[in-house]
Structures are given as structure tokens and as C-alpha cells.
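S.K.: Straight out of Swiss-Prot:
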- I123, N147: substrate binding site (BINDING)
- S148, 202-203, D222, 257-261, T283, D309, 333-336, S381: NAD(+) binding site (BINDING)
- R285: site 'Important for catalytic activity' (SITE)
- H333: site 'Important for catalytic activity' (SITE)
Amino acid sequence: MAKVLCVLYDDPVDGYPKTYARDDLPKIDHYPGGQTLPTPKAIDFTPGQLLGSVSGELGLRKYLESNGHTLVVTSDKDGPDSVFERELVDADVVISQPFWPAYLTPERIAKAKNLKLALTAGIGSDHVDLQSAIDRNVTVAEVTYCNSISVAEHVVMMILSLVRNYLPSHEWARKGGWNIADCVSHAYDLEAMHVGTVAAGRIGLAVLRRLAPFDVHLHYTDRHRLPESVEKELNLTWHATREDMYPVCDVVTLNCPLHPETEHMINDETLKLFKRGAYIVNTARGKLCDRDAVARALESGRLAGYAGDVWFPQPAPKDHPWRTMPYNGMTPHISGTTLTAQARYAAGTREILECFFEGRPIRDEYLIVQGGALAGTGAHSYSKGNATGGSEEAAKFKKAV
């Protein structure tokens, strides 16, 4: 029987909720593009519950223990004396989330002699050193598309919040003020602005579709160009490189994976290409941006605003400059972990575990690494010959021999 080590974020400070704001969730049959939702044989939770925190356990305990497996759940993931470090030694399966990542570095993977599956409850497995997973024949899987729309909605919200100067205006109201001039002296209409996305995959394309009704000019850059029919439908302008797109955009949203080509792609030099007073929204990965360069750009006025929910490391230290830099709209990493999204990624996690334990194939779209090589979504997402090296440096990918 297997030991499953699950790393989840802490419960609410007031305790695990007994009631919720809504009684149910809207139902959808499939994702845009036709991919079906997760199809586990059963679930042991009510959709709409808090599943991503420690007490929620992704709704997995009953299923795992009834089949003879052991489940260890913790939020204590960092440092040599953490629960995660201690329990990893004999774990067969590690489950983590992008929002509260348990970094599977080469050293940790080498230490985990029994590890067979690294499962991301969500999208994005850059917290796993994929080369080490390849070398050790560890399967890496994630619940593709489970929260893509959740993130896309968050991006649109953040764009509007920055451009309309919503957060400082709300703060005036909260503090009892009525300082209209202070609110509107940094506020603009989104209409007719040029908005571009770096990457137009599931999330990037969903962002473009949601922005189209705002009568903006839409731009994108991506290795994989969208079909001509989609470009015409949304009146998209494609740019061969990021550097070509930056100068024409008032707003740039980052929706690409983290790998060697994209790490710190927003830096002092590339920020010089942006329009003065541009906005950046980053819900992809914190290391896409040079931390201090972003803060300097806001302080100098090069950028009019920066918003996102991704940091490095996560959780961010209390003195991280993105917490206090001017005109920021930062939140903890929450865009993809709404209660709606949790129901989907918990069900997808259950589906992957069922397939893994029963010896059935895991969906190709869920796979990142399998059989000592990049597989499925992983083979498509990462540049040929390269991928991310867990939480730190990237390594050249080579197939295990």
C-alpha cells in the first residue's frame, strides 16, 4: 500500500468554515475546446467546500484509507526540519499545489527513494525538478484546464482594477474619505487601449476572449500561432517576439510557463521597451519578472501599475518589495483556487490517483513527465530540449537511460 504526502495551505485564521456564502456551484459540462471535466469514479466531498486547505484534504482521506493507503497532510513545507522534509523519505506519492508549492528539488527527489508520482492539484509543475523526475522515472502530472478560466477571470479583474485605480479609491472610502481627485488622477478607461498577452494557450486565449467586448485592441505573442479563424474572430495582432509586442501595448498580461527562456523576461532592459505608464498583470509565475526591476519601474513611473498573485518564493517574505511598491494590486496566490476551481482540481486529483493505483493510463493532457521523458502537456509546454529546474536553475532535458 502507498504513502501519499499532501501539502496544502493553512486553514482560515478563524478555523475551517462550517457554512459558505453560496449553497451550490453552477454546473458546466466541458471546458472551452471540448475537454471533459475530471471523471473520477466517485468523490467524497460537496462541491463548493474549502478543499485546498489542510482540513479540506482535497476530499481524499476516505478514498485513500478505504483502499489501504496512508495519507499525510501538512502545510509545513519549508526547511530541513519541516514535516514535508521528514515525511518525504518514504512517500510514494507527493501532492502539492501551485498556490502553496512543495518544491521538489533534485536533492529532495534523490532523498525520496519510493517516490513514483508527483501530482499537482492545479496547473503548473515548475516546483518539480523535471530533469530529476525524468532521471528517476517519477511520473509528473497535473489537472490541466481545471482552473484556467478562474485565472483568466482574475486577470481581467486585475486589469480593470489597475486601469481604473480601484484599490486606492476603495481605500479612501474604507477610511471614511471622499477624495475624488485623489482617486481619479490615476484612473483611465480601458476602452481603445492596446492589450497584449505573452502566450495564448488556455489561459491567454480565455483572457483575450473576455477582453474583446471591452472594445480594446488585442495583441499576442506565442510560439504556437493561433488559427487564422481565431485571429479574425477576435481581431488579434500576432507578434513574432515579446520585444516586438511590448512597445505597442498599454497593458501586458503574462500567461506563459516558467522555463529558461522566460525566467526574468521582465527586467530593467525589457522594461525600457514598454510605453511609459503601461500596466503589467502576472498570474503565471513570479520568477518571470525581476523583482527589484518591477519595483523600480513603479517608483520611477515607467509602469503605471503592476498586479498579480504569483511571487518567488511562495509564501512571500513579509518584507518582499511587491507588498509595498506604489500602484500594486498584489494578492496571495489565489487566482486559481476559488471554491469553484477547487472542486475541479480535487476531482482531477482523485481521477489521477485512481488511474495510478489501478494501473490505468492517466489522461495524456494531465501528463508532464512519464516513462523517463516529457509527455503529454509537458512535451507541448516546454521548449525543445529545455524546461524548468524545479524552483531554481533550469537544466537541459535529456531522456533517462
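Cβ coordinates come from backbone N, Cα and C, glycine included.
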S.K.: Looking at the recorded positions H259, H333, which one has the fewest other Cβ atoms within 10 Å of its own Cβ?
M.R.: H259
S.K.: Taking the Cα atoms as reference points, how far is H333 (site 'Important for catalytic activity') from N147 (substrate binding site) in Å?
M.R.: 13
S.K.: Can you name the residues of this chain that are 6 or more positions from D309 (NAD(+) binding site) yet have a C-beta less than 8 Å from its C-beta?
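M.R.: Within the chain, D309 (NAD(+) binding site) has Cβ neighbours under 8 Å at H154, T283, M330, T331, P332, H333, I334, S335.
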S.K.: Cα distance, R285 (site 'Important for catalytic activity') to H259 (NAD(+) binding site), nearest Å?
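M.R.: H259 (NAD(+) binding site) and R285 (site 'Important for catalytic activity') have their Cα atoms 10 Å apart.
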S.K.: In DSSP terms, helix, strand or coil for I203 (NAD(+) binding site)?
M.R.: helix
S.K.: Validating a neighbour-count step here. Other CB atoms within 10 A of the CB of I203 (NAD(+) binding site): how many?
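M.R.: Taking every protein chain into account, the count is 28.
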S.K.: So if I measure Cβ to Cβ from R285 (site 'Important for catalytic activity') and keep only same-chain residues at least 6 apart in sequence, which ones fall under 8 Å?
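M.R.: The list for R285 (site 'Important for catalytic activity') reads G124, D126, P257, L258, V310, F312, given in order along the sequence.
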S.K.: Would you find the one among the binding-site residues I123, I334 whose Cβ has the most company, meaning other Cβ atoms within 10 Å?
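M.R.: Max Cβ neighbours within 10 Å, all protein chains included: I123.
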S.K.: May I ask for the distance between N147 (substrate binding site) and G336 (NAD(+) binding site), taken between their Cα atoms and rounded to an integer number of Å?
M.R.: 5
S.K.: Since the record lists N147, S148 as binding-site residues, which of them has the fewest other Cβ atoms within 10 Å of its Cβ?
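M.R.: Lowest Cβ count within 10 Å among the binding-site residues (N147, S148) is S148.
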